[in-house]
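*Asks:* This structure is in structure tokens; I'll ask about it shortly.
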Amino acid sequence: MSLQRTFIMVKPDGVKRGLIGEIIKRFEQKGFTLLNAELMTIDRSKAEYHYMEHQEKPFFGELVDFITSGPVFAMAWEGENVIEVSRLMIGKTDPSEAMPGTIRGDFAAAKEENVIHGSDSLLSAEREIENFFGLLKRRSLEDDFPFEDRKSV
Ligand code: UDP
């Protein structure tokens, strides 16, 4: 087991459809810790950097058009094996192959608009968190707000 951080983003279709709360709920229920979150509309250079591994793909232009078309909800989460576990919770890229019970399996209909992004490796998690948030404001929820104090609020 290893404590990891990952970058999760509700894409413009998910924001438009009111799925932010549902997605946060699933990650909280799983026991992960939210480190940072922001509703933002990103410019093309941030989007192109985010999807740099796909820049030679035929769908790259449309992917960047789509991700910059409206607000996204960007989040950094922390937890045990959160990178791999969140990919399982998200489901396959193509929603027609995503299992029921996964976020894409339950809510998405097309691979071009599949509701949510999640980092696929430690290296991309680090790069993506920095691209969207710079250095994290909160290192860990436990650092700023220990669980014992939370119970007394
Ligand atoms: N994508 C697309 N057309 C394709 C393949 C992928 O529009 O034929 C989009 C899709 O939204 C996907 C994103 O590109 O989520 C990044 O692709 P990747 O293979 O990294 O999938 P993911 O990690 O998001 O499951």
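Just so it is clear, glycine is given a Cβ too, placed from its N, Cα and C backbone atoms.
All TrEMBL annotations are machine predictions without curation.
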*Asks:* PHE59, ARG87, THR93, ARG104, ASN114 show up in TrEMBL as binding ATP; which entry in LYS11, LYS16 does that record put in the same site?
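*Replies:* The candidate from LYS11, LYS16 that TrEMBL ties to ATP along with PHE59, ARG87, THR93, ARG104, ASN114 is LYS11.
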*Asks:* Taking the Cβ of ARG104 (ATP binding site) as reference, which residues of that chain separated by at least 6 in sequence fall under 8 Å from it?
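*Replies:* Within the chain, ARG104 (ATP binding site) has Cβ neighbours under 8 Å at ILE90, GLY91, LYS92, THR93, PRO95, ALA98, ASN114, VAL115, ILE116.
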*Asks:* What's the CA to CA span in angstrom from ARG87 (ATP binding site) over to SER124 (phosphoserine)?
*Replies:* 13
*Asks:* Pick out which of the recorded positions THR93, ASN114, SER124 has the most other Cβ atoms within 10 Å of its own Cβ.
*Replies:* ASN114
*Asks:* Which one is it, among the recorded positions LYS11, PHE59, SER124, that lies nearest to HIS117 (active site, pros-phosphohistidine intermediate) by Cα separation?
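*Replies:* The smallest Cα gap between HIS117 (active site, pros-phosphohistidine intermediate) and any of the recorded positions is with LYS11.
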*Asks:* If you run through the domain 'Nucleoside diphosphate kinase-like' (3-140) with DSSP, how many residues end up as helix, strand and coil?
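*Replies:* Going by DSSP assignments, the domain 'Nucleoside diphosphate kinase-like' (3-140) contains 59 helix, 32 strand, 47 coil.
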*Asks:* Taking each of the recorded positions LYS11, ARG87, HIS117 in turn and counting other Cβ atoms within 10 Å of its Cβ, which one has the fewest?
*Replies:* ARG87
